[in-house]
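I have placed the structure first, in the form of structure tokens, so that the comments after it can refer back to it.
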């Protein structure tokens, strides 16, 4: 109550001074004398920020005691809200009695103002910058225009604001409007106490003033002018967080073109139309400007929140990626650490094997046996990497061994490929799956013809169309060439024969298989020669059904020919008939080449009156293979399959002299076989 009396005395003193017309002009109180207290409460909530501008400019303009009685009307000008102005003209006692809470706030605001002069070092600098903006002129001229034009729309705008920001301000009184922000003001008043406690010159009343100022600032968005000035002034204070200051300065510059109240309303409308995120930012700025130095800390917090959320969203995505990479690196690191010794030791083994190959074949088997348990000790991940290393080392060693062997074979022509003198023959048939003719030529595959000098040379899996044949194979001196490979075919077969055949037939009479090129039949005087490349069942037996269809067609075809003449079948049959015909029969029962279906079809074929010449001569020989996968250095370890055969009619078996497997001949994953006949 004593504060109310002080206000009355100050109001009486001001009534005699010429400062009274300004609040009358700003308030337009003559028209609103009959209005209710509720309308008076609504309007002040809107004009609060402008009153602050006037007070700040007045305090910065004059620090003498004469300004202090003017500060009371400016506090009343904070009552631009039309409360104190109406009280001066319409009856001081009654109006003061109604807004008791406001009168206390006004006194609280009027009392600490002389104390503000103590820390003027910090506060006066930004206020001095605000002086060039004619604050009293704006109060006298622009506010009445803005209010006269926008008193009712401001209520609508305030309602719109309250819907998005503080819904309690439009419907409630000054106390109700102050209550919801009190909770927020308490949260933000704590840093003000901490920051303002450092100079030690400001009392509790000033803290209350800051709280009330913060409350009012939250209730309105007209603080854009003060925000602009504060944003321009803040870079000086924002030396601690320079990054946030730069962002604030940019945002302040964006708001600069609206210094007037009308511009403020436009900016507020634009902000209301903008999404709530953008509207939330100016709110926090208004709070920051009222709290003074707290803006330094509060702005980075409020502004950092959206950035932090974005950073979290962005961080959450790369962070797990990094963790996954780290975890994958850890897992891969373990594998790599385990794989590195394997890769380092294995090429060492491969290097040892390469010279061993040149020396003895028996040592290769011993080294392979020694290497097996070492690999068995390693983990499966390391084993998965072994084939790649072994392929490279194997390919290198095979090339070296190939050159060495070709040189030795050239020198050992008769010794390596000739039969003993006691075995007489007059026909030599050689068969080889070259796994690509052009690659085979680059690996000096044609040397076999010079070394072996076969009478008939059968090739499978040439993978080369007739119009794409290299010149080296189009014309071999002394041979009649017969090719079958359709364009785009992946199979392809060919026959080179020194003896002119009576008739040559291409294919099996089925488009499904003849389009690829799988069989050529050459009729000679005393037999039929069939050069065949049987379809592979494929991984996971995807081609097993076509393979079964082929088997039926082939059996019918061979049976028809065998009724006319003896038949000699050479080529890649893509099956290991018996467990002795492959290194690991138990592990391959469900793999292509050793399925029960394929083996049964081979048994059926032999049951039609045909004989496997190799098993006829060497029924118990083990380790006799014609195919080795490129993986796991299988050929060096002789982990292979016998897939290439020479089958003859039973009546032609007595004419078979020898069946040789030329495992020393490189250039393909298969090796050639040579059959000697004495017809």
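Cβ atoms here come from the backbone N, Cα and C positions, even for glycine.
Look at Swiss-Prot and you will find 45-55 tagged as compositional bias 'Basic residues'.
Here Swiss-Prot flags 106-116 (among others) as compositional bias 'Basic and acidic residues'.
What Swiss-Prot records for 133 (among others) is phosphothreonine.
If you look up Swiss-Prot, you'll see 140 (among others) marked as phosphothreonine, on the strength of experimental evidence.
Annotation comment: Swiss-Prot describes 179-189 (among others) as compositional bias 'Basic and acidic residues'.
Per Swiss-Prot, compositional bias 'Basic and acidic residues' is recorded for 203-214 (among others).
Annotation source Swiss-Prot lists compositional bias 'Basic and acidic residues' at 312-347 (among others).
Marked as active site by Swiss-Prot on the basis of similarity to another entry: 533. Other Cβ atoms within 10 Å of the Cβ of residue 533 (active site) number 25 in total over all chains.
Marked as Mg(2+) 2 binding site by Swiss-Prot: 572, 574. Under the three-state DSSP scheme, residue 572 (Mg(2+) 2 binding site) falls in the strand class.
Cβ neighbours of residue 574 (Mg(2+) 2 binding site) (same chain, under 8 Å, six or more residues apart in sequence): 534, 535, 536, 537, 547, 592, 593, 598, 643.
Around residue 572 (Mg(2+) 2 binding site), a 10 Å sphere centred on its CB holds 26 further CB atoms from the protein chains shown. Between the CA atoms of residue 572 (Mg(2+) 2 binding site) and residue 533 (active site) there is a gap of 5 Å.
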